[in-house]
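To start, the structure under review is shown below, and the notes come after it.
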């Protein structure tokens, strides 16, 4: 049987962990009570021992066992068995409203037992904490539901005008007071449609503006500006716009960014002079998608709050039963009555609001198909298949066996010798190195996902992945092992055909065919081979390459950071493209590196990942006005300068360029290490309770963090090898380069875990467990 503490830890919401009942701390108090009672020479529930008042105390305990009182200033609720009072306390927030909190007053029953008194004081604190957090979140979700209802009402009215199937007149319901809306969820109907005219008259525009929909340059607005302005409006058709917020926090609506400042209501080329305005259908569809996503997130948040309530109730029940067992008394029944009357249990607003959201979503976004609506509101996660684990193990065994055979045959054929291996390493090595580095990166990403899952880091929420299509760590291992098995198999076939003296023009096409097959699978439109993941990868790469045109999301700059560690892979792709496009495979004479265009393009390849990442920082600074993004951009600019200096030093080996490489590389390395530890990982805090780390740590063993800091420093200075020129022959040079590139990929995989750990702790510190989706229709000021 699983202990409840482990069950609670597995089911609680990671971002709200600090708001849950501290069940583990309360268990420690229970143990203290047990130890204190075991040390007593006499037990209160048995013999009368050394004190003459023990018989009286025993009778009093039976009569007054665990009767709880709650002190009160202004509220008193009385029932037959006990008196429960709630004390109100003024808060210091903007609303300055009264907040209820509970405080237990114990009778003489527990007056001599400090451990019990401390336990109930701690229990009161936990109850108050849970209650206040629940009220805060409930208020947020109710306000969000009210805003979404207004947005949906406006959307339905605009769609009715757009369709033109029914006659319409402006009958938009006025906004009700927030208090009445909160008490009943969605109090207004989302539709305010009646029969009337289909053209957008001034009266309709005025009605929309009263409802918070802002029309730019409308006739009503123009009339307020005077006669001259009104004459200009009469000469041209007025262009109108409904403001859409210029933020897109989820990738599902990233396409809206290119259209945010266009007119939602634009001029129609086919309308006559009497019909002055028409609605842009595409913008209405974008607005509908944003509202639909906002409803899904609202429903998810309500579900999390419902889970929060039920788990805390079970936790209170379990801990009180443990107290009864240790104290040989019956305190749980009476205290639980107070818990059940508290707001987080007695309030049904969340349940009613969930029902309202289900009803509205089914009606307006699922064509009254409840089953279809539930697929959006409650997406089912795919269960882990044993076949995935089986094939991962199978392909791992195949890879190890084939790789062992390849090493033996390569040694027998003299592939890695200095005399015969040069041509092989120049032609075949770059293609297979691409797949090897890619497979290593995928393997490390699978390890990251496994560690994130074990430490309860919600990486799907951070990356904004759909839970029903997101890649799992077993899938990553399967992709990695499958790819490596295919690579080593192709290497082995290529080696056997080379040894059989078959024409190089046929043999050396094997790596090219392997690359083409991989690209074809990546862009395959059929729903096979993890299509959602493949298309998500392509979309992220588009966003990175087109930086800073697209709004930068967490997954975008996270992937761009991965590219900065895969510059050798990109260089190998350059070599491969040159090898096959120049048809060098027909003669095995690799002449690409001798061309000036190739050398110039090497700078472009080496600069591109840093440039993309710097442009993302610039875009984030433009969107958020945070100077830290400019400082982060400086880090990538310094890395770009250092990379360029090392490339130049490779062709111009003199003392001047050696000094330039040394200075730029040291500056870039120190800059990167500072940003890694302080900004990305949140470590090196001298005032932390964990020396030179941070206050909150996901790993229990602190030594892992110190080892990781030292390892990151060592791997960051691997560039020293590029200027020491430790080389023996051409074959070993390529092998050493591959080894150093693998170390950088390993460093990046190691960096990934702590980067997401810090991001998760930031979300948990702000209790951020639900995405905030921007709403399309911006409300006007009251004046």
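Note that Cβ sites are derived from N, Cα and C of the backbone, with glycine treated the same way.
TrEMBL annotations:
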DOMAIN    2-337  domain 'SPX'
REGION    169-194  region 'Disordered'
COMPBIAS  175-189  compositional bias 'Low complexity'
TRANSMEM  387-409  transmembrane segment
TRANSMEM  429-447  transmembrane segment
TRANSMEM  476-497  transmembrane segment
TRANSMEM  509-530  transmembrane segment
DOMAIN    593-783  domain 'EXS'
TRANSMEM  656-675  transmembrane segment
TRANSMEM  703-720  transmembrane segment
The transmembrane segment (387-409) and the transmembrane segment (509-530) contact flag, 3+ Cβ pairs under 8 angstroms: no
Contacting positions for the transmembrane segment (509-530) when only residues 6+ beyond its ends and CB under 8 Å are counted: 428, 431-432, 434-435, 471, 475, 479, 486-487, 490, 493-494, 497, 537-538, 576, 580, 585
Cβ-Cβ under 8 Å with the transmembrane segment (476-497): same-chain residues at least 6 beyond its ends: 388, 391-392, 395-396, 398-399, 402-403, 405-406, 409-410, 413, 415, 428, 432, 435-436, 438-439, 442-443, 445-446, 449, 506-508, 510-511, 514, 530
